[in-house]
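Visitor: Once you've had a glance at the structure underneath, I'll fire off some questions.
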């Protein structure tokens, strides 16, 4: 839909404060140095909480406005201009960004509170909170920017924050490598965004949403498809979708609050935001949308399969995140029908996935940072609150009726079936596999027998960690209310455009029943495979080829190493020798050649006066001959 | 403007400083001599700021001075500065005091006295200001060659073991470029003599209508010198060798300021004097630039010596600058004009911080470092920020220019844009690979002695980082200064920006 | 012109002889032949002044200087014909021939036009007219060449001068040295005996007689002895007997 | 009395002088050949003086003789010193000034 925003006035003019607060917090914490250590973390929490309050105010103010003019823009300053192309730092506040604002600042605030407890005894806590604030600020820039280049600013800022936070414990080489890998793969995705922005400029003369949305229909189909695919490439990079998904599992090296905030709730959904925000492009090109659907489906299945085979609780959750985002991308790909449901699933996923990651964090906190689920077992008695909140999250992700997951995921499966049967089936199977690995995770961690290491005695996490857990559990339970009376769909129509409800052969209720049946089947399979049998302490080696593949993340990393990194290294080493021997060789060689030539000519100077006389006479004869030739020739 | 000869004063002040340094009384301690040099550079900085403030953006060439120099072939002592020239003069006056402060005792154990070290730096500053403000081709050429001398002595006298060979290689390489340019300068004389009274002033030369063939040959003459100076792919090998064996401060002066003469010359001379030849040579130069981008980046990834790595990154960045110039549209040219200033800052920061690291541990090879972040967190932080600037992270100044160059390249041809953009991924790889190998991981026992930055070193680098962050988010003052000179150069080259494809022009580009 | 046709072959033969003469003195004499025939040609060409100068200065002085130096340097030092520099002789002859042929052919084809002859120039005598031109138009050149000659003479003197490395031995040292030689080697401290003085012979190659009638080696120069041109004592003594017999009784 | 025979003779003598300078190894003989070349040129000068009817040619020849004298004096002095230090008058022996 067209972005025809009106200048902010009254309460909306505080829009820039939402970003300024966390940015200021980050600046104070990072530049502050040792002095801010004592109260640094509380400042971090305060800034994010304050901007949450501001977003609430803005949300209710926007709610007050009627359907038509719910789009506000605030011009901050002209970033740069070159010839006819000028880029402003403008903020766009409309229903889509309002929802994102609430998610980011809300979940962000809860996670900040949680990490006060989690990072209790880490001497660099102040710097951790600085980076978290930096992340929240850049994420807010990303969702509020009114120009593709503004989005790019937020996009890379978020990439930097994730690099800093994944590699927070830099002394661990694996963390540093994971951080670098995340940043580089995000950069590969950013190629899509910068080329997309360039193509948009070439086609529309400007990259601001307003201009692009106004003229989107005039552009040729091929250009729109190209822009769509480039934006899809950017989304894949940031949201760890199929071709660029390998970094997400390694990103679990970072502290758990990071995984919860960045790699579950907010950053990884940036790709979905970009697709939904560029709906005015995607709804006009059929091919780009099919590309999105394909990528979403593939990632959906890959993530699920990987989730099943992982023993590390965080990697299992990361696999599930990847597949849930696959769902959202799939929904976004379904065109106007799916945008709203993608965002709805994004919100609910933000609640229950953050909840489960924090739950995993509190389990690790109890088991003194051991991530291997095979060393857990029967923790429900030891950590009741964590078990309860984790359970609610588990029921939500499964899609059990009253909980949030049921409402959002079913809608997506429904619309998927509406669009094309095969995609619908994949979504359904995905739901089943999700049920399997989540149940496996629950059983391994909380159910089955005690397999604790010696000297490990799990205990419940302190209040500062359990309160956010409880809050998130409530949200993931009540998230479904957003759909009450299709509120979310109407809320987003000014952004994503009108869509008429089309009816399936089997009807909505039937669809839900089928989905529930598939989920129940998944749970049952997990119960028999994992619940009944004793769980070996070490991962068994003789396993089916599927499990071995799943353990190696479906050879995603192996593929990258073989196809890109190994030949790259060999190529670069070859290039280095070429540079030294050929390019430099030519230059040095020239010098050597010159000295050699001069050495031969030196021999002419043999000291014998008669040979000099000879050359003299030879020369004279030559001169005479040429004179004769010239005069008489 | 009062006709007070600002530029001549800015030329003379550091020159007098340089001449005065060795004449200072022996009784003056070395420390005071260094402080004297720093104060001269400070005065120069103040002068720079003054003319920066007095410069109004759309006034064309300002602070002009013009005196007859050599009547026989029309060479004038003519100075004048417009947007681009002023930005590079400001870059010079900003970076020189910073380099002096950072390399405070780099010059102590060289072949000559530390006084000479600082004297040569001041001389270099004077000549750099001269080069950027010369509006007479002959005067430009004289300064162009003169800048080689201080650098030769700085590299040859103070630095690593292989410094003598590197200095000679640098000198010969650039002299070769210079001599080719001399031929072109003489060609220009012939052309201007043919059209009546010979004059080397750019304004007069631009008015000549040079035949296409002669124009192309002269264009090539200038281009060879500038491609050697701003090193592009085939003729770049002198840069890594020089920066490997020179002190980091000298490498900053060399890469951040003097190599800009190449790209500055392309804009100032190749584009304005030979418009037809510029159009003719555009495809070839664009391909060469893209090769340099990718080649420089790949070499940087494979490099083990930090200083050589930074040098190769500059080869890649110069590829971007030249690409921006020769796509001949306002986005590309404005991008490369900004790029020259921003690249100066980012490379200076990276070189200086790397210099601190190397000075603390002696060896420049990445293999000898690991986990330094634990021993010196501040140094690691600065290295990360300057590294992020080099890989042009948005929010830092190089991003604006690089994005504009990519947009310009894309406008020129989507393929050029696509290949150029791979540079940003390779940039991420070589910066983060270097950072990860040296800074992260467990601290090596022999690195434990690395201390964190002292006050002097912090004061030297912090202004550069702040400038980059400010110009990253608010590049308006610099951009407004450069916009008129971009439009001026484009009008001289006779290149118009292609209208956007969806150009119901009325409202399309109205917004 | 007759003189020319006679002298030309002689000169060329002499010049070629100069080329192949084994001993340097022969080369000098052949050069003298060439120079003198040249002088004659000058005379034929109405240049009597040059004829005189050629004979007196060139052949007389410069060539004699050659001989003088030849004598110093060892007149018999004949150099071997074998060529030391590889391929030098071949290339020299080739280059010489090429040069000569081109010169001769070039000159031969050129027509020099009519010969004006020097009658008008020499009307009041060759030498006065030469002097008249020399001291008006070429007076500067004349002065310069005189300076040149002076410097040349000075130069030769400087080149040939040898610094004494050891202090000049005084008279006392020489006397002491003589007595030491006598004491150690029995060398006669006095001066060498002069050559023999006889009725008909007192030349430097006639040896003086020792009391026992034999010739004394010390009285003859070693060079003459080496050359074997010394008169033997008995022939000289032979005349003396004739004087005794005719009449005198002593 | 046409001029050509004289000039041809002068050319021949000059060439013989050249070849003599190249082939002979005794310094003094080389010197003599140089003198021969000078005399050849004198002959040409005198011939042309007569052909052109003015005495400049002869004066030139006269100056040549003066210069030849100076040259011989200095040349022989050099040869003497070389002989004194090197005990050989061969031109090839004095060949230290080489690569």
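A Cβ is built for glycine as well, from the same backbone N, Cα and C atoms used for every other residue.
This is the feature table in TrEMBL:
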type	residues	note
COMPBIAS	B:502-511	compositional bias 'Polar residues'
DOMAIN	B:134-426	domain 'NADH:quinone oxidoreductase/Mrp antiporter transmembrane'
REGION	B:489-511	region 'Disordered'
TRANSMEM	B:6-24	transmembrane segment
TRANSMEM	B:36-55	transmembrane segment
TRANSMEM	B:116-132	transmembrane segment
TRANSMEM	B:138-158	transmembrane segment
TRANSMEM	B:170-190	transmembrane segment
TRANSMEM	B:217-239	transmembrane segment
TRANSMEM	B:251-274	transmembrane segment
TRANSMEM	B:280-302	transmembrane segment
TRANSMEM	B:309-328	transmembrane segment
TRANSMEM	B:340-358	transmembrane segment
TRANSMEM	B:378-400	transmembrane segment
TRANSMEM	B:412-435	transmembrane segment
Visitor: Select the range from B:36-55, B:116-132, B:217-239, B:412-435 that forms the most Cβ-Cβ pairs under 8 Å with the transmembrane segment (B:6-24).
Guide: B:116-132
Visitor: Give the nonlocal contacts of the transmembrane segment (B:170-190) in its own chain as ranges (CB under 8 Å, at least six residues past its ends).
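Guide: Counting only partners 6 or more residues beyond its ends, the transmembrane segment (B:170-190) has Cβ contacts under 8 Å with 73-74, 137-138, 141, 144-145, 148, 151-152, 155, 198, 200, 205, 214, 217-222, 224-229, 235, 238, 241-242, 273.
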Visitor: Please indicate, using numbers and ranges, the residues of the same chain that are 6 or more beyond the transmembrane segment (B:116-132) and have a C-beta under 8 Å from a C-beta there.
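Guide: Hits for the transmembrane segment (B:116-132): 7, 10-15, 17-19, 21-22, 33-34, 37-38, 40-41, 44, 79, 81, 85, 88-89, 92-93, 96, 99-100, 106-107, 110, 139-140, 143-144, 146-147, 149-151, 153-154, 157-158, 249, 253, 257-258, 261, 264.
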Visitor: Find the member of B:36-55, B:138-158, B:251-274, B:378-400, B:412-435 that has more C-beta pairs under 8 Å to the transmembrane segment (B:340-358) than any other listed stretch.
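Guide: If we count Cβ pairs closer than 8 Å to the transmembrane segment (B:340-358), B:378-400 scores highest.
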Visitor: Give the one range among B:138-158, B:378-400, B:412-435 whose Cβ atoms make the most pairs under 8 Å with those of the transmembrane segment (B:309-328).
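Guide: Of the candidates B:138-158, B:378-400, B:412-435, B:412-435 scores highest.
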Visitor: Should anything in the same chain at least six residues away from the transmembrane segment (B:138-158) have a Cβ under 8 Å from its Cβ atoms, list it; otherwise answer none.
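Guide: For the transmembrane segment (B:138-158), the sequence-distant neighbours (Cβ-Cβ under 8 Å, at least 6 residues beyond its ends) are 69-70, 73, 75-79, 106-107, 109-112, 116-117, 120-121, 123-124, 127-128, 130-131, 164, 166-168, 170-171, 174-175, 178, 181-182, 185, 200, 225, 229, 242, 245-247, 250, 253-254, 258, 261, 265, 268-269.
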Visitor: Residues of the same chain, at least six outside the transmembrane segment (B:280-302), with any C-beta under 8 angstroms of its C-beta?
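Guide: Residues packing against the transmembrane segment (B:280-302) from afar: 212, 216, 219-220, 223, 227, 231-233, 236, 240, 309-310, 312-320, 322-323, 326-328, 409, 412-413, 416, 419-420, 422-423, 426-427, 429-430, 433.
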